[in-house]
């Protein structure tokens, strides 16, 4: 009988794509997937390790499986493999800390999972740690992959890694330097997905605005280089190529870095009707003191000008962003400036996080760490402000006619809403799933709309 494998996928959409690739390779090798852990010969946990909360969720998921094996809820001889960012980040420590785990793999070993499982089952492994140094792997259009998203929406990972050195972020140390796929390869994957019925292509990477820059030959890009198709493939040239594909679909931009935006990129979004009027631009703060300490290579005036230019060039666009509160050295003046900025720009979609002190980052050893009570208070103040603005934004939509993509019976999303991140729209049950529809908003509670 073929081996049966269960998989738990944690973390972001980029990690979800890695899970899809693992499943694709397992199926190609003749193994069977199961959603029921108690029936699995092998359990795989694809982990996140971005912040403390993600690490704890990953450890809890691993230990839940260990306890289930011990108390008889899962097979006693079931094997456990830990994959993803937690394994990569703590590759030296985890084998000793988690002796119950049968193998550890990182992002570079996801295509080798079937062979590793075979070795684990045959008890031929010499070392439980299969992770080999820095990450270099990048998928291509033909990579075996079983999509875990609804049939009408898909993620395309256009690059891996990150060349930024944000003081709070561990990702470059986990995922390695930025590595772009070719534009032809991305377009080919998109064409295949659209032919299969996909209506929404979500472009993802650690930083999609850096796309193509690592392949430029005229001069080496830096952390402030702007999107520029005259120097080679870029996000702007990719959007134009994707927009030219036949069919009715959205192209959604997630994970852009403000430092790389250019007039060309803004113009490409405005000129391409298939690009959703939605951009994700994590700003993190507005105070120059904080932006400098975070090493975001931007400043407050630059950010304000960028936002005004985007809204002027692309009327009706939704700007999604995130902020960090309680970063080391943040003063009450810095916090107040952030609050006033949020009030002034009234982002269509926004989230806030308290600073997570991550060992291995530059921020970990910074002086003037903010007390946890102060962080919590500032977080609560910002959350209340964002909630009020969300309510006001929702009320402004009542009476408007909007285009939605139906995700499930009675549930849809607008152009302003990314899957599993933003809001939803309650729509008539008769609307066909996986198709676009035009509806009129009749009620709103924050980002959650009702329409008919």
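Backbone N, Cα and C atoms are what each Cβ position is placed from, and that goes for glycine too.
As recorded in Swiss-Prot:
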DOMAIN    3-122  domain 'MTTase N-terminal'
BINDING   12, 48, 85  [4Fe-4S] cluster 1 binding site
DOMAIN    148-392  domain 'Radical SAM core'
BINDING   162, 166, 169  [4Fe-4S] cluster 2 binding site
DOMAIN    395-452  domain 'TRAM'
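This view paints the features noted in Swiss-Prot onto the structure.
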residue: 12; record: [4Fe-4S] cluster 1 binding site; DSSP class: coil
residue: 48; record: [4Fe-4S] cluster 1 binding site; DSSP class: coil
residue: 85; record: [4Fe-4S] cluster 1 binding site; DSSP class: helix
residue: 162; record: [4Fe-4S] cluster 2 binding site; DSSP class: coil
residue: 169; record: [4Fe-4S] cluster 2 binding site; DSSP class: coil
Name them in sequence order: residues not among 12, 48, 85 whose Cβ is within 8 Å of the mean position of the Cβ atoms defining the [4Fe-4S] cluster 1 site.
10, 11, 14, 15, 47, 49, 50, 54, 84
Other than 162, 166, 169, the chain contributes near [4Fe-4S] cluster 2 (Cβ within 8 Å of their centroid) the residues 164, 165, 168, 170, 171, 172, 206
If you measure residue 169 ([4Fe-4S] cluster 2 binding site) to residue 85 ([4Fe-4S] cluster 1 binding site) at Cα, how many Å is it?
13
Could you list the residues of the same chain, at least six apart in sequence, whose Cβ is under 8 A from the Cβ of residue 12 ([4Fe-4S] cluster 1 binding site)?
48, 50
Cβ contacts of residue 85 ([4Fe-4S] cluster 1 binding site) (under 8 Å, same chain, 6 or more positions away)
11, 15, 47, 48, 49, 50, 106, 107, 171, 174, 175
DSSP-derived helix, strand and coil totals, residue by residue, for the domain 'MTTase N-terminal' (3-122):
63 helix, 22 strand, 35 coil
Taking the Cβ of residue 166 ([4Fe-4S] cluster 2 binding site) as reference, which residues of that chain separated by at least 6 in sequence fall under 8 Å from it?
284, 294, 295, 296
Residues near residue 162 ([4Fe-4S] cluster 2 binding site) by Cβ (under 8 Å) yet at least 6 apart in sequence within the same chain, in sequence order, are 169, 171, 172, 175, 177, 178, 206, 207, 210
Tally every other Cβ atom lying within 10 Å of the Cβ atom of residue 169 ([4Fe-4S] cluster 2 binding site).
21
Could you tell me the mean pLDDT over the domain 'TRAM' (395-452), as a whole number?
98
